[in-house]
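Per TrEMBL, these features apply:
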type     : residues : note
DOMAIN   : 39-287   : domain 'G-protein coupled receptors family 1 profile'
TRANSMEM : 24-46    : transmembrane segment
TRANSMEM : 58-78    : transmembrane segment
TRANSMEM : 98-117   : transmembrane segment
TRANSMEM : 138-161  : transmembrane segment
TRANSMEM : 197-223  : transmembrane segment
TRANSMEM : 235-258  : transmembrane segment
TRANSMEM : 270-289  : transmembrane segment
Amino acid sequence: AGNHTLLTDFVLSGLSSRPELQHLLFFTICLVYTMTLTGNLLICLVTVHPALHMPMYFFLRVLSLLDISTASVVVPKMLVNFLSEDWSISYLGCATQLYFVVFLAATEWYLLAAMAYDRYVAVCSPLRYAAIMDTRACLSLVLLSCCSGKVVSVLQTAWVLTLSLCGPRRINYFFCDIPPLLMLSCTDTSLYEKQLISATVLVILTPFCLILLSYTCIISSILKISSAESRHKTFSTCSSHLTVVTLYCASGTLIYLQPKSSHSQDTKKILALIYTTVIPTLNPLIYSLRNKEVKEVLIRVMAVLMKK
């Protein structure tokens, strides 16, 4: 890389290079981000209510905090860029953004697997549920998810930063992520790409398979329930979880299994937008606001706030 100038900062191209779309994109993304913050903060507020003192709602609260963090790592910088002529980001800023994006994404995957296990125990071993999913078990699963996410993020970020990134300076993306940074490398990245595929299998596909296994057992148990109403309620809760997981898995694997594939960058931008911006907005709606217990507590909380 002796003939190359190593990069000290980058320029993000954003979602679109068309000037006439910048203000429309700003207001659209700003609206989505506001919905993300409002919905997830509402879930955090409601799930601390004593009536919802159960493992499922504890995991939902952690999931909401992760979703707020994921959107906040990506969206504010993107919103500033929509209204600015300077779309640059420093090398340190890019590395920091990359670290937190990978950390939060990996942690969320492990948490989703923990949530699937929680639903499996609740449906398949209801009499032992309280004993198995006690406070210590729940905290351990969350801590394990965070530690695993941190290990993955440290390794991936460190590996990317060891690559010689020499240009072009422009990143054809709206935030710093692994695939667009690999495009800037002036060294052979084949070894790293193989490692990234292994990491994707470990972080995304392995939890996804465990989640599918949990739901196979859950569906089998649901079919044995005699009450149609109980069957519908249980299936509705589980199908919501599986919907988010499938959407998240599809977008993640298409981006990271082939980091330098022939897929257009515009397609990858849309997929990245789904898992960093859209899914954090959908989670409160899919997981919580369709839940009867959550809605009842929410109505009570809103009534108290209105009286004040």
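Indices start at 1 and increase along the chain as displayed.
Cβ coordinates are placed from backbone N, Cα and C, and glycine is handled just like the others.
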*When you scan the chain for residues with a C-beta under 8 Å from the transmembrane segment (270-289), skipping those not six or more beyond its ends, what do you find?*
15, 29, 32-33, 35-36, 39-40, 42-43, 46-47, 60, 63-64, 67-68, 70-71, 73-75, 101, 105, 173-175, 177, 240-241, 243-244, 247-248, 251-252, 254-255, 295, 298
_With contact taken as 3 or more Cβ pairs under 8 angstroms (pairs 6 or more apart in sequence), are the transmembrane segment (138-161) and the transmembrane segment (24-46) in contact?_
no
*asked:* Counting only residues 6 or more past its boundaries, what in the same chain has a CB within less than 8 Å of a CB in the transmembrane segment (235-258)?
replied: 105, 108-109, 112, 115-116, 119, 123, 177-179, 196-197, 199-200, 204-205, 208, 211, 215, 218-219, 222, 268, 271-272, 274-275, 279, 282-283, 286-287, 290-291
